[in-house]
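Okay, here's the structure, questions in a sec.
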Amino acid sequence: MAGVDSGKLIGSEIHGFHTLQDLDIQTMLDEAYSRWLRPNEIHALLCNHKFFTINVKPVNLPKSGTIVLFDRKMLRNFRKDGHNWKKKKDGKTIKEAHEHLKVGNEERIHVYYAHGEDTPTFVRRCYWLLDKSQEHIVLVHYRETHEVHAAPATPGNSYSSSITDHLSPKIVAEDTSSGVHNTCNTGFEVRSNSLGSRNHEIRLHEINTLDWDELLVPADISNQSHPTEEDMLYFTEQLQTAPRGSVKQGNHLAGYNGSVDIPSFPGLEDPVYQNNNSCGAGEFSSQHSHCGVDPNLQRRDFSATVTDQPGDALLNNGYGSQDSFGRWVNNFISDSPGSVDDPSLEAVYTPGQDSSTPPTVFHSHSDIPEQVFNITDVSPAWAYSTEKTKILVTGFFHDSFQHLGRSNLICICGELRVPAEFLQMGVYRCFLPPQSPGVVNLYLSVDGNKPISQLFSFEHRSVQFIEKAIPQDDQLYKWEEFEFQVRLAHLLFTSSNKISVLTSKISPENLLEAKKLASRTSHLLNSWAYLMKSIQANEVPFDQARDHLFELTLKNRLKEWLLEKVIENRNTKEYDSKGLGVIHLCAVLGYTWSILLFSWANISLDFRDKQGWTALHWAAYYGREKMVAALLSAGARPNLVTDPTKEFLGGCTAADLAQQKGYDGLAAFLAEKCLVAQFKDMQTAGNISGNLETIKAEKSSNPGNANEEEQSLKDTLAAYRTAAEAAARIQGAFREHELKVRSSAVRFASKEEEAKNIIAAMKIQHAFRNFEVRRKIAAAARIQYRFQTWKMRREFLNMRKKAIRIQAAFRGFQVRRQYQKITWSVGVLEKAILRWRLKRKGFRGLQVSQPDEKEGSEAVEDFYKTSQKQAEERLERSVVKVQAMFRSKKAQQDYRRMKLAHEEAQLEYDGMQELDQMATEES
């Protein structure tokens, strides 16, 4: 299953998930081995199948925990998975049970489940919606269970708050000690029926595999059943005797040697479960001072906050599930360095946190003498392992350390040490580079070793849904990028002409330009100093420092190379083994910093390689949006065309190359810029007068309070108007120029020669018209002849069929006449024996039935309709190409992102030019 990382989900008013982040696909896939999907999760997946991959072939021998999507209309045999399933009595049909699942208060999902023939505990479930418009999408879940021939454990109503019938008789009141209001009721029902200890493990497994909202009871305080001391004592003894590993999700809590604070409910007086040697096993106390628990241990009481919220809001909360609670408890126990009853231990959870966000645990270590900074929030609480992520750490300094409030700190995330930049009082920002997936500890430090804050569990997640336009996988893409880097470095270091530069005579103008370029690029020395300082302070990771070193080396070498070219009167005709120059390789790699260096050196950005491609062509071909923005802001021409090839005889623009690679938004942006640039060139040449009205209207328009989607559509409409107006003005200029050329030719031509030319033209036109008429007549005659020939042949074939049938009937008649003697000789026997014994008519000859003559169907091909259909398809394709950006929201978003990047690059380039001009005036 793959899809996009974020997006609004369809049917959120039914299943309760608004985005993919709320749905938490990764956690769902991880838990697919140990539990069935809930009805609201299934409904969300089936309604939003466009975000995931639809399998086109059946899976072969899927393992436990496998979840796949199929299209029943496209793949009828999706159940042929290679497993041997239980059959019906006929031994052929798979024995599948059928039920309807409820989402909310209505039945919305079909479920068909089958058991394995060889392994009865291996179960397959097939889900699809009752909605006729979406019933073709099927979700299939395979799982190894602990029950045989059991009904689906998925509750019929995912929002139900009643305890189901298969709940164990002994249940202890439990709740998370976080600030999440996920308990919309006041307690749990405790039943007094006693069962044998031999079934305890099965019951405990059933309890821990229930959904969290199945354990909730109606919020009727008067009718609640309160747990007795005998019930609690029984459950405590069972928890002590339960072996480790026998319970999933919540098993760490049963095997943990410590105390767990259970929040209070109406009717229960602060029950605390103790499992240590200082107190009897299974004892419950209503006072925190009993059994060695510190009465100052911080806890949270939810009885006041629960009653203030409606039940639906609490059930829709991200942590309203038992699995999330189990993960929180597991992290709490695994990260805790000591006993739970340690007063220094404090479990903090952010209220209202999404279910896709990992549980955050703060705890202090005994080796920390004092906490200087108290972290209250870290945003975001997780990051993708393949991306560089910006982290905001919020908190406050203790009163005795307020003088450190404006100092920069160091953020320690696992083995990484990155600088934490001060933004405002109590807020720090740091950038985490890509790391391997996993959960690490995050804290702040002054010297990079000793923590000054509590620890924060930070998770690096693996990317499951990638939405990039790069067709190669990540490894091949990295190798390709590395190859371009090697080619650039080789070209820069092998094309040096220092000896010829030093021995040749340098003109004063070139020497002055070289000095200006050297003064403008003097800031590169500061970059070396900053890199050395960062490495010595151990503020950057090794991979990031290595990349900075390589990039800084290329910058300095490019600076020296440009100085040589300026002295050599800007002779830059050096290519690598594949015909690319330095600026083209920089464009492919997306090195936007090189554009400013080329601009300062006054070297053309439209320098072509051996194929006639410019840097803008290469940047558009590889989808380098920032590089395209930097080139356009520096003055690169978007209307240049590559050299003609066999596939494209007229050459390609940068927009054509971007469209070939699937970058529709970038192609639309470059196409608009190409038309505007062509218009400005013709305006400069004097072929067009006036300006584009759409550009004026766009500059004067106010975006207002439009959202992102409306703004993207507005930009798309503005781009279409600009392109249409520019194209119309250019075509009008072409027609006007052609009319002027014809008028001038008529004006300066002599009358005799003009008359001769007119007569010759009339003769040619007359001859051409006669030729066209004769050709059409000949073509019509050939068509008519072929049609008549075909018609005559068809009639001949029909007549031959009839003649063959007549001949066959006649031959049969002759054969029957030859056998009349035999028929007469057996007549007596027929009458005497057959009539007497069989009591029926005798043999009277062969009755030949005349076959029905079927005329062949007349299939006359209509050439005019075929040609008309082809013409309509051509017109439709043309319209699709023009309106491509209107049909794709992704293209509109790409266009807007490209537009904003260009505006930002233009402002940055203008600012650098102003600073350079001010520095020149001062000097």
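For all residues, glycine too, the Cβ spot is worked out from N, Cα and C.
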Can you identify, from 131-158, 495-522, 551-578, 887-914, the stretch that Swiss-Prot calls coiled coil?
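Of the candidate stretches, Swiss-Prot labels 887-914 as coiled coil.
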Can you dig out which of the ranges 525-547, 709-731, 824-846 Swiss-Prot describes as region 'Calmodulin-binding'?
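Comparing 525-547, 709-731, 824-846 with Swiss-Prot, region 'Calmodulin-binding' matches 824-846.
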For the DNA-binding region (25-151), what are the DSSP-based totals of helix, strand and coil residues?
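Computed counts for the DNA-binding region (25-151) are 19 helix, 43 strand, 65 coil.
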For the domain 'IQ 3' (875-904), provide the mean pLDDT of the predicted model.
69
